[in-house]
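Q: Attaching a single structure in structure tokens format; questions to follow.
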Amino acid sequence: MVISLGGLVGQHLASDPAAATLPVSMLNLGLALGTLPAAAVMRRFGRRAGYIIGAALGTIAGIVATMGIVQSSFIVFCMGTLIAGFYSAYVQSYRFAATDGLTGAGRDRAISRVMVGGLIAAIIGPQLVIWTRNALPGHAFAGSFLSQAMLALLAVPILLPLRRPAGSAAVHATAISARPLAQILTSPGYLLAVATGVVSYGLMTFVMTAAPMAMVGHGHSVDSAALGIQWHVLAMFGPSFITGRLMARFGKERVAAVGLLLIGGSALIALSGVDIAHFWGSLILLGLGWNCGFIGATAMVAECHSPSERGKAQGANAFMVFGTVACASFFAGSLLHSSGWSTVNWLVLPAVAFMLVPLVSRAASLPRNR
């Protein structure tokens, strides 16, 4: 919801057009700042308590963002999206929760299955925007954020039956054997995994944040922009049905490398024109690239730490990934305003090339099945 509408609402509320994507940046800043506290809460009180706290934050976020729109307050709206980022800090760990107690191919498939849940968001989110954007007369999109608050609240009864996986006590008992965080951060495999996630997610956010504003700026409707994001999110999560199998067959690094190539291809499509087909085609390929790149990176991270190191390794990874994403979303808006849509996409290509070199080198040194 914030990704689809944050920039458009920001354009309406902000006094400076260059600050239009600040609401999206605040979302990602909240996500980055919230990852380590969220990991600490779930390590201390369990995932169920953490996820219920997250759902409460999501409800508050939607209400505050709605108030910002109704009051025409850019600051209040940004506060709402910041809180939504703290909510997202809990939600983003769902994919890691699915791996608790699993190893090998089972872990890869579990990550993919959790990401399939994004298909529901891809269908519901943009349609909610269309159905509810005028629900509060005179306050465009306020109803959309109010509906987001209601969806977050609906998660609570689903989360209540959640229990700790068998073996949690054993993990806690062996925590003394965990490596220091500095040692984890400097291990080559972990660094490569985190860098792959940073580039995959950072580039996707960089382009996706600018895309709705670019579409509207080139004469396309808000509905077309929302549907473009819907196709993009479908492409992000739809392949998750098979991504786990692809990683099991070809290896995580190879799948992640293909993802980066697809992200580069999306930039080339965007550079070829500004018709709606160019925007949608680019966004679809961008989503496919993110799926392979980020799910591959997530599986690589899960392979780089022991169960007793899970909290700090995953928390540090999330902090670095979403800290980068926060910066990417902010600079996307200012760059789009100052230099245009083409410049946004030209910058994707060197970043893809830079990351492909170590990733392909690593993939070439590994057997196809392992």
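Glycine is treated like the rest: Cβ placed from N, Cα and C.
Nobody curates TrEMBL annotations by hand; they come from automatic prediction.
In case it's useful when we look at the structure, here is the feature table from TrEMBL:
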TRANSMEM  20-42  transmembrane segment
TRANSMEM  49-68  transmembrane segment
TRANSMEM  74-91  transmembrane segment
TRANSMEM  111-132  transmembrane segment
TRANSMEM  138-160  transmembrane segment
DOMAIN    181-370  domain 'Major facilitator superfamily (MFS) profile'
TRANSMEM  189-209  transmembrane segment
TRANSMEM  229-248  transmembrane segment
TRANSMEM  255-274  transmembrane segment
TRANSMEM  280-304  transmembrane segment
TRANSMEM  316-337  transmembrane segment
TRANSMEM  343-361  transmembrane segment
Q: Other than its close neighbours in sequence, what residues sit by the transmembrane segment (20-42), given a CB gap under 8 Å and a spacing of at least six beyond its ends?
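A: Residues 2-3, 6-7, 9-11, 14, 49-50, 53-54, 74, 77-79, 81-90, 92-93, 205, 209-210, 213, 311-312, 314-316, 318-319, 322-323, 325-330, 332-334, 336-337.
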Q: By Cβ distance under 8 Å, which residues at least 6 away from the ends of the transmembrane segment (189-209) in the same chain are close to it?
A: 3, 6-7, 21, 24, 28, 229, 232, 236, 256, 259-260, 263, 266-267, 270, 282-283, 286-287, 289-290, 293-294, 296-298, 300-301, 303-305, 313, 316-317, 320-322, 324-325, 327-329, 331-333, 344-345, 347-348, 351-352, 354-355, 358-359, 362
